[in-house]
Amino acid sequence: MKVAVLGAAGGIGQALALLLKLQLPAGTDLALYDIAPVTPGVAVDVSHIPTAVNVKGFSGEDPTPALEGADVVLISAGVARKPGMDRSDLFNINAGIVRGLIEKVAITCPKACVGIITNPVNTTVAIAAEVLKKAGVYDKRKLFGVTTLDVLRSETFVAELKGLNVSRTSVPVIGGHSGVTILPLLSQVQYAKWNEDEIEPLAKRIQNAGTEVVNAKAGGGSATLSMAQAAARFARSLVKGLSGETVVECTYVEGDGKYARFFSQPVRLGKEGVEEILPIGPLSNFEQQALENMLPTLRADIELGEKFING
């Protein structure tokens, strides 16, 4: 099994490289790529950690050597948010970066499962899909927007608020990966009783948690460490699924189009990537209303990505 990280010298990428070196199954090959010349050094650095994960680093304009034979590709390349920016401000730079990398994936490892971390995820996943489609290699079971950080944040905040064991707290998060499109299904959390006045502030905190980090870092970056852990968790789940285990994660995928072309919801992962898209389950009145309210935003984000490739 080979996992490639594109954007491995960045804030998310370096932390992700460390976590994958520690957490991937023994015998996995880990390829780290970034345009930055420091990348082979990042690989040497993490290679000194005593785990049975084999690491190689690649830098320069062409990611092809890192992608050869990859089963899983994680893309975190791009610019990060700064105070005053929202995820859509990143679009102009990151859209082109994702397009270029996916063009290489389409040629070098078209059957790989691809996890998009680069924001704005609502849009960059649509870009990736259209590039793969133009190349004639698109398989919707193998393209994912990594929305796991919304799940991690929800689990953390719910457990804190309700005094629950965080390791046993599970919160499905549906929709997209920015602002109002992030919808934590708090009504489905086991052992949590909610007052009406708790739900909206908590949902808003989860939606705006990325901005909370950007502001707290005072211009020094965005959520890199928690995002790296979220991406590592998702990568581990993908690897387990590809190895034949049954794993369920919330992730942003192309499904039946009931709500939008791409939509984050619980997905059963398996040997082909997406094995089954699971139902979102019963919603509270608040959640139903929030879902209806977000859909125009989500659909517009997706359309932006499609138009970027197709004009």
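Glycine is no exception: its Cβ is also placed from the backbone N, Cα and C atoms.
Met227 is the only one of Met85, Met227 that Swiss-Prot places in the NAD(+) site (with Gly7, Ala8, Ala9, Gly10, Gly11, Ile12, Gly13, Asp34, Asn94, Ile117, Thr118, Asn119). Other Cβ atoms within 10 Å of the Cβ of His177 (active site, proton acceptor) number 29 in total over all chains. For Gly13 (NAD(+) binding site), the same-chain residues lying six or more positions away in sequence with a CB closer than 8 A to its CB are Val5, Gly7, Leu32, Asp34, Val42, Ser76, Ala77, Ala228. Within 10 Å of the C-beta of Met227 (NAD(+) binding site) we count 24 further C-beta atoms, all protein chains included.
Cβ neighbour count for Thr118 (NAD(+) binding site) (all protein chains, 10 Å cutoff from its Cβ): 30.
Within 10 Å of the C-beta of Asn119 (substrate binding site) we count 28 further C-beta atoms, all protein chains included.
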